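Engineer: Structure below; questions to follow.
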Amino acid sequence: MRGRMNAGLIVGGTLVALVVIAALVSFVWTPHDPTLVDAARKLREPGGGYLLGADKFGRDTFSQLMVGARTTLYVGIVAVGIAALIGAPLGMIAGMTPHGWLSELVMRVNDLVFAFPALLLAVMLGAVYGAGTLTAMIAIGVATVPAFARVARAATMQVMVTDYILAARAAGRGRMAIAGRHVLPNIASMLIVQASVSFAIAILAEAALSFLGFGTRPPTPSWGRMLQESQELLFSTPRLALWPGLAIALAVLGFNLLGDGLRDYLDPKLRRIRERTRRSERSGGPTKEGLRGVSEER
Amino acid sequence: MIVYLVKRLAVLLASTAVAGVVVFAFMALLPGDPAEIALGVNATPEAVAQLRQQYGTDRPPVTQFLDWFGGLVTGDFGTSYVTSSPIGPQIGERLAVTAVLVTGGMVIALLVAVPAGTFAAVHHRNPLGAAISAVSQVGIAIPAFLAGILLVFVFAVKAQALPSGGYVPMAEDPAQWLLSLLLPWLSLGLVQGAVLTRYVRSSVLDVMREDYLRTARAKGRGRMGALWRHGLRNASIPVVTVLGLQLATLLIGAVVVERVFVIPGLGDLLLNGVAGRDLLLVQGVVMVLVVAVLLINFVVDLAYAVLDPRLRGAP
């Protein structure tokens, strides 16, 4: 049974759609070359074909924002992809054999990875292989694996005690068949919600890493680095910090709202699985888990 | 409880050891030999060999690891290949700054979240409560370093009331110390406070609908009275857990915020270490941060067991 469209879904979906459209359009068109350095346009005020003005190198801010959206989505998709492809199967294995040694091993390794936040991983990877978009994506992805594994495990454990799994086992279905035919479709909606929330966290992490110089390398535009470059000019030209800051905040807000909205829309049953959040959700309020990778399954 | 404690402690120690192996192995992958880098391209093979012996990098990796890891237990992080100064005291000094930063941030987060979250829960049916929820949703979307830049803009650039960066040790000038930390504290605390507000709100909302609270009201207690007497303790259980997890987030957030405000904490040390290719220093700082996160998780697990006895039997 599907829920109704809700405010989170609409607002979040719109914000995410804006970022996606900006990124897609930037492939075929930007007002100006986002990486073109031109001393004549240095710190140019907004207007006259330069919608948001230009930065200290004379690069068009609006064009940079558009291509920055591409960087943001690229990092998010790869990082969340890594996390989902590793985390979800591990969590399913752990959830299907909750008392086995394999489950124990998966969860212990999970706890260990949890102790290495994306930032530390990226700094370590950066120190060894040189910082860049690739190391940032891998670091964020690996650091997000535990969140997926925990959600997949908790959801799988809920599914495994249902009658239809019992029926499938009685009918002689093997583990793989049960996992593919019964478990995965039933936990998919939770994984989709987790993906949306993780995407928001990945955007935050990429921005922080680029800000520190451990993310996307110049000249590729990135919102985090735009912020870092604008910091010294905060006293004279604050608008340079305003736009990338706004872009980061709106993108993160969009993915967070989309995650909350999807949770309600895709499967109202999730409310029962997610401990103690049922009543606050009915009152139209926010849910407490899923933020910043904090999972209910601890 | 004792069995549970021993089990968690064993897990903590094992995780620390494995984390040590991971960090050491990672840094061992670094291209380049510290002795060759220190002496430059024109060094004679003899001099390199001698320096290698001095550094101890001529020994097998396992011996090097055990030596390094054993030293950590006693607070000996080794001597930097780059600056030739002992690393332990540096880390200790910087850790103190970061700890103050994180603690202050946490206090502000609590001061914001507990009243705001409780208020939003009690008034969840009227616009003001909904407004708090909306504001916290926006706060969550703002990373701490962006909040820092915003605060600098408002309080340093526009109002010119607070310094935009820099750090004054407390021993030098307590008033300036406080002023220099105010904006960093706020940037960490307000963002974490926004996250925490949501948890406090839904926690209090849950408790408000419990039967025992209705009973307390039926006995004649007012809404706030009943909540104060019976509700807050129960509502605090999930919040304490989240608080612990957030402490880990704050610690890492502090690394970035230190960069924004030029505060000489652990994050600053780490990033300088990477820039200067100071292998042992980076190794040491990363290890300290990882152990801090592991310790926080350990304490969270214990707090959970203390608050909710049902969990003590869980593995």
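The backbone N, Cα and C atoms fix where each Cβ goes, and this holds for glycine too.
Look at TrEMBL and you will find A:289-298 tagged as compositional bias 'Basic and acidic residues'. The domain 'ABC transmembrane type-1' annotation in TrEMBL covers A:69-259. Under the heading region 'Disordered', TrEMBL lists A:276-298. The transmembrane segment feature in TrEMBL is assigned to A:7-29, A:73-97, A:109-128, A:134-152, A:183-205, A:240-262.
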Engineer: Considering pairs 6 or more residues apart, do the transmembrane segment (A:73-97) and the transmembrane segment (A:240-262) have at least three CB pairs under 8 Å?
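Structural biologist: Result for the transmembrane segment (A:73-97) with the transmembrane segment (A:240-262) is no.
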Engineer: Which residues of the chain, 6 or more past the ends of the transmembrane segment (A:7-29), have a CB below 8 A from one of its CBs?
Structural biologist: 63, 65-67, 69-70, 72-73, 196, 247, 250-251, 253-262, 264-265
Engineer: Considering only the recorded stretches A:109-128, A:183-205, A:240-262, state which has the highest number of Cβ pairs under 8 Å to the transmembrane segment (A:134-152).
Structural biologist: A:109-128
Engineer: Mind checking which residues of the chain, 6+ beyond the ends of the transmembrane segment (A:183-205), have their Cβ under 8 Å from one of its Cβ atoms?
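Structural biologist: Distal contacts: 12, 72, 75-76, 79-80, 83-84, 88, 92, 95-96, 118-119, 122, 136, 139-140, 143-144, 147-148, 151-152, 155-156, 159-160, 165, 248, 251-252, 254-256, 258-259, 262-263, 266-267, 270, 273, 290-293.
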